[in-house]
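In what follows, a structure is listed as structure tokens, so that the remarks can point back to it.
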Amino acid sequence: MDVTTKVLCGQDLFNPVLAMGLQASLLLSLSHLLQIGVKSIGIPTPIPQMIAGLLIGHSFLSNPNLFGENFIQASSADYYNVLAFFGRTCVVFLIGLELDISYMKRHIRAASTIVVGSASPCIVIAGATSYLMFTNFINNKASFTAFFFIFMVAIANSASPLIIRFISELRLGTSDFGRLAICASMINDIICIFVGGLVTMIIRAHFKWTTWLWSLLFTVVVCFIVRRIAFLLNKLSHESQYLKNTQILPLFLLVLLSATVVDKWGSANSLLAALALGLTFPRKGKTARTMIHKLSYTVYTFVLPIYFGYTGFQADFTNAKDTKNLLTIVGVLLLCIGGKISGTLIACCRLNIPLKEGIVLGLLLNLKGHYDVMILGSITLKEDWNKGFVEVMLITTILNTLISGIAIVFLVSKDNNTFAYRAVPLDQQNPETELRVLACVHGPRNVPTMVKVIGWLSWSKDLPICAYLMHLVELLPKKRTSKMYHQLEDDELSDDDAYGGNDAVEINNGVDDFVGETGVFIRQMKVVSSISKLSEDVCDIAEDLRASLIILPFHKHQRIDGKMESGKEGIRTTNQRVLRHAPCTVAILVDRGLGGSSQQSNQLGLNTVPHVAALFFGGSDDREALSLSTYIAMHLDMNLTIIRFLQASSNDNTPERINVSSVDNEQILMAMPSRGAQDEADDAFLEDFYNRYVTSGQVGYIEKCVRNGSQTATALRDIIDMYQLFIVGNGGRRNSAITTGMSDWEECPEIGNVGDLLASSEFDPNCSVLIIQQYKAPLDD
């Protein structure tokens, strides 16, 4: 009976597991209620979650003077530690899994500069005041060296999970500012965790350096094993979109077990181990997609609210009544906020980052979180520190986050010009900057050509394209039937296909094969909506992703005989609405394959040198098309030719003017200077393009002189079988003599005269067409 009582509840009123579950449930419920209350003013969820923990914690509900004796039980401390350990392991592993490593590599120097700038004032001031804090709060038997380093780590640390959630909910996660802040916070967090872990291990009674080295070696070995298992799992379940639970669960348990083993060598090392496992986890294939899919909902819905709420739960604001404690709290607050902002501004000044962005960045890096609670609690157990000082630091952590968080929301919401998404046409972007593409498909038919176009636009491994492939699924109305189950036809038994079930599997397999063959990483998404709302969802997601280009499939598809056949009318309606309301440049892809035939188009590899032609008639859309072509021009495995159509004079009998020169035994078409009266913008743009790419032999250039639309159509027919892809501007209904009469037989005016002609069944069935419409900002902007 005594054993049973001890196992179930001991001397407590009820089982500590039940008490912990009750507290977690209350924390989740209260945090959701607070989120609803502050949602209208744009407060990110970590703030109400932290406040919920504060209300339930030692400051209020769990205060011994209220319900603390029954609500907080001494025997439940170990359960809290276990829950916190597995929670932070899941959070850190997911952060590593979702981190944009390529961006971090490219901007490691800028992020490191910001980290050094933001942390240096905090470290200097904390080091200068550490002796004063030690003599006033800490027992003389404690180690001053340990206090010195832990105090500096607590002041300089930035809570990367908290910063990531702030940036994500403020819709800054895809901006350069947001990603730079995430990189800086990750570097800061890694350094602080590393230093804090070393300090907590060194003050152990039986510390050995060999133990620390064994933990690092074990982490490296486990990372290698997890990678190999992930690669093997990618080859399984080819007929499904995700891996089975029985396949992915053992791998996740291995991650948790590894973090548990490393935790035996030091509590902070387990965080680095979980982060390393996430960073080295393969991003490509079903394994990563399944792991993110399974973890995301659980972590964001249950783990993170408890993770952030636990920080507020630990703080006891009743200790702030003491004058000495209150003055210390104010002093540490000023030290943290002032040091972070001043140091960050100095670093931003060196990096030419605007003042407003520098202030917000400093406030973001001042956010504190769970690690401060963990390191202070860990060091207190080993060094027998004064609990009053720990409580002061915990209160400072909460106030730091609340003050900085509210200030961030105010500054970001007030200054839309600095932080809001503002699309920039491609012809105003540097081709050496990252190209963000949102490609859309309605089914697996367009996937091979769509992903190959994305691969052609990715010209450098050092500057990879940021590509998203979004599966557009039409939400069909529910059909009512009086038939019983056994009376239904085979195609009526399930509506999985109508909601992208089997199509999603084929799309995933096609993208996975392409990524595995070319190394060009494509992120996959899916949106399910009614046809009337589909265009709105595309535009909203493009704005959230800060896309530079949206690629939509043409509503017609190619039959076996090469003729173009119309698909669902809703696809055309969606394209028309996106063209009218898109927040960036839009491209319509007429898919006839890119491999020379529709059968070859299913092969996703880039085994032959493709020939691409960019047609230039003049106007903003054609300049945009030429700007997109520059990404193809810089691709080493591409052959690009610019074909400019000019108005022929009455005495000009030369339909084509070219100059052929030989460079490295290759025929390069070089342009002769145009003497015609062209638009100044077109001439200036073409002159710059010519000097950059044509004179160096990267791009071929041809000028064709035509008098009317009939000659233009004839010229296009003459070259149609020479290229696999044509890129042309939309141009609307061009008011030009060289396209006169072409609109008389057009079927799809939304893609322009030339685009409609190239998309018709009269042309070569083996070439695809990409029609570009430049983004035009609204007049009120």
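Placement of Cβ uses the backbone N, Cα and C atoms for every residue, glycine included.
Per TrEMBL, the features are as follows:
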DOMAIN    30-413  domain 'Cation/H+ exchanger transmembrane'
DOMAIN    467-602  domain 'Cation/H(+) antiporter central'
DOMAIN    612-776  domain 'Cation/H(+) antiporter C-terminal'
TRANSMEM  20-38  transmembrane segment
TRANSMEM  50-67  transmembrane segment
TRANSMEM  79-99  transmembrane segment
TRANSMEM  111-134  transmembrane segment
TRANSMEM  146-168  transmembrane segment
TRANSMEM  180-203  transmembrane segment
TRANSMEM  209-230  transmembrane segment
TRANSMEM  265-283  transmembrane segment
TRANSMEM  295-313  transmembrane segment
TRANSMEM  325-347  transmembrane segment
TRANSMEM  359-380  transmembrane segment
TRANSMEM  392-412  transmembrane segment
Whether the transmembrane segment (180-203) meets the transmembrane segment (392-412): three or more C-beta pairs under 8 angstroms: no
Same-chain residues near the transmembrane segment (325-347), Cβ under 8 Å, at least 6 residues beyond its ends: 113-114, 116-122, 125-126, 129, 133, 136-137, 155, 319, 355, 358-359, 361-363, 365-366, 368, 388, 391-393, 395-396, 399-400, 403-404
Range from 20-38, 79-99, 295-313, 359-380 with the greatest count of C-beta pairs under 8 A to the transmembrane segment (111-134): 359-380
Most Cβ pairs under 8 Å with the transmembrane segment (295-313), selected from 79-99, 146-168, 359-380: 79-99
Interface present between the transmembrane segment (20-38) and the transmembrane segment (146-168) (three or more C-beta pairs under 8 A): no
Contacting positions for the transmembrane segment (359-380) when only residues 6+ beyond its ends and CB under 8 Å are counted: 84, 88, 114, 118, 146, 150, 153-154, 157-159, 161-163, 166-167, 177, 180-181, 184-185, 188-189, 192-193, 196, 199-200, 203, 267-268, 271, 307-308, 310-311, 314, 336-337, 340-345, 348, 353, 387, 390, 393-394, 396-398, 400-401, 404-405, 407-408, 411-412, 419
Surrounding residues of the transmembrane segment (79-99) on its own chain - C-beta under 8 Å, 6+ positions past either end: 16-17, 20, 24, 160-161, 164, 182, 186, 255-256, 259-260, 263, 270-271, 274-279, 281, 288, 291-292, 295-296, 298-299, 303-304, 306-307, 310, 370, 374
Beyond the flanks of the transmembrane segment (392-412) by at least 6 residues, Cβ under 8 Å: 41-44, 46-47, 50-51, 54, 137, 154, 159, 162, 166, 170, 172, 311-312, 314-317, 319-320, 325, 328-329, 332-333, 336-337, 356, 359-360, 363-364, 366-369, 372-373, 376, 419
Taken over the domain 'Cation/H(+) antiporter C-terminal' (612-776), the model's mean pLDDT: 78
